[in-house]
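So the structure is just underneath, and the comments pick up after that.
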Amino acid sequence: MSGSRVVALGHHQPQRVMTNADLEKMVDTNDEWIRQRTGIATRHIADDESVADMATGAAAKALAASGLAPSDIGQVIVATCSAIDRCPSIAAQVAGRLNIPAAVCFDLNNACAGFCTALATADHTLRAGAARHALVIGAEKMSDLADWTDRASCILLGDGAGAAIISATDDAQIGPVTWGSDPTRNNAVRLVGEWQPRFAQEGQAVFRWATSELPAIAAQACERAGITTKDLAGIVTHQANLRIIEAMTRKLDLREDVIIARDVVDSGNTSAASVPLALSKMAERGELPSGQPVLIFAFGGGLSWAGQVITAP
Ligand code: UT7
């Protein structure tokens with residue numbers, strides 16, 4: 001097989017919705033500031049659910065939608081930076097709960113860029129013939145990492161999971177990955193504290209970097225897929241801030257009818273879950289332009305980035 005394609009998607013979000021009004025009671029903030037600076041209106045918070053619970057919920061839906069049997073899955077990768085469990089991996093726990101009998105299972109931490117990194121890793125595995133079908137998940141419980149006394153960061157974060165089943169094919173429907181990192185900026189987004197890590201970032205620096213560097217990275221991912229940004233039917237970038245999404249897409253030469261994911265408004269920043277969560281929710285609403293090119297990509301701690309053009313399932 002010379003390529004792979006996304007055959008099915010699924011997602012899981014915890015039931016509890018935290019509004020900006022709820023946050024006003026916790027820290028010195030207000031709905032107007034949060035909406036104006038980030039676009040975020042709500043985020044979902046997992047109370048009793050773990051990263052493994054959310055990952056399993058998303059994966060079960062993707063597996064059911066794919067029509068494949070658990071025994072068809074040869075690889076499970078969970079992208080996460082918030083899972084507390086180190087061994088067994090979250091991927092192995094998902095395989096156990098879904099009765100996936102013999103897959104290679106591992107977790108991958110590339111912070112917010114984790115899902116696109118994992119998708120590329122699975123694509124490379126399938127191209128190499130080391131599996132025929134893979135389950136790729138982004139799952140995060142960012143509420144565990146939030147400093148609920150820090151208004152600059154806690155208002156951003158949310159919990160959830162998104163999953164994709166990918167299968168080997170003769171035609172490549174997952175384009176070549178564009179990925180990398182800038183280690184001179186590896187303090188820009190970070191977890192502070194070993195036993196009770198807390199999310200922290202240099203917000204303005206990351207904002208400036210994202211709005212200036214990401215358009216070229218996005219265009220490069222298109223070029224590597226043999227298309228231009230004008231050919232894109234959809235764009236699903238990391239859901240960190242609506243202003244970043246809008247500034248970045250304004251700088252790209254796009255079709256007027258291109259569909260742009262804005263799930264950050266409802267879900268906040270869910271790190272490695274943000275891209276598959278947004279993709280799967282768009283698919284569920286019938287908004288994903290099936291059979292057409294969609295650019296997915298994400299950036300975050302590292303600073304690292306990863307993205308590719310996929311054919312929408
Ligand atoms: O997923 C990882 C990748 N990360 C990102 O993409 C994050 C990129 N950065 C951002 O999205 C934005 O920088 C933030 C949303 C994090 C912050 O927005 P900003 O416009 O850069 O605000 P700021 O940090 O410059 O703060 C402006 C003002 C400050 O007050 P003074 O010093 O001007 O009086 C803050 O103290 O807003 C204040 N502030 C708040 N006020 C009300 C900060 N947080 C809040 C808040 N509510 N929650």
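Any Cβ shown, glycine's included, is placed from N, Cα and C.
Unlike curated entries, TrEMBL annotations are predicted automatically.
If you look up TrEMBL, you'll see 106-183 marked as domain 'Beta-ketoacyl-[acyl-carrier-protein] synthase III N-terminal'.
What TrEMBL lists as active site is Cys112 (among others). Cys112 (active site): 30 other CB atoms within 10 A of its CB, across all protein chains.
As a whole-number mean, the pLDDT of the domain 'Beta-ketoacyl-[acyl-carrier-protein] synthase III C-terminal' (222-311) in this prediction is 97. Here TrEMBL flags 222-311 as domain 'Beta-ketoacyl-[acyl-carrier-protein] synthase III C-terminal'.
Residues or ranges marked as active site in TrEMBL: His238 (among others). According to DSSP, His238 (active site) sits in a coil region rather than a helix or strand. The C-beta environment of His238 (active site), restricted to residues of the same chain at least 6 apart in sequence and closer than 8 Å, consists of Cys112, Ala113, Asn269, Ser274, Val275, Phe297, Ala298, Phe299, Gly300.
Taken from TrEMBL, the feature region 'ACP-binding' covers 239-243.
The active site annotation in TrEMBL covers Asn269 (among others).
Its Cβ placed at the centre, Asn269 (active site) has 24 other Cβ atoms within 10 Å. For the domain 'Beta-ketoacyl-[acyl-carrier-protein] synthase III C-terminal' (222-311), the number of residues in each DSSP class (helix H, G, I; strand E, B; coil) is 33 helix, 23 strand, 34 coil. The DSSP secondary structure for Cys112 (active site) is helix.
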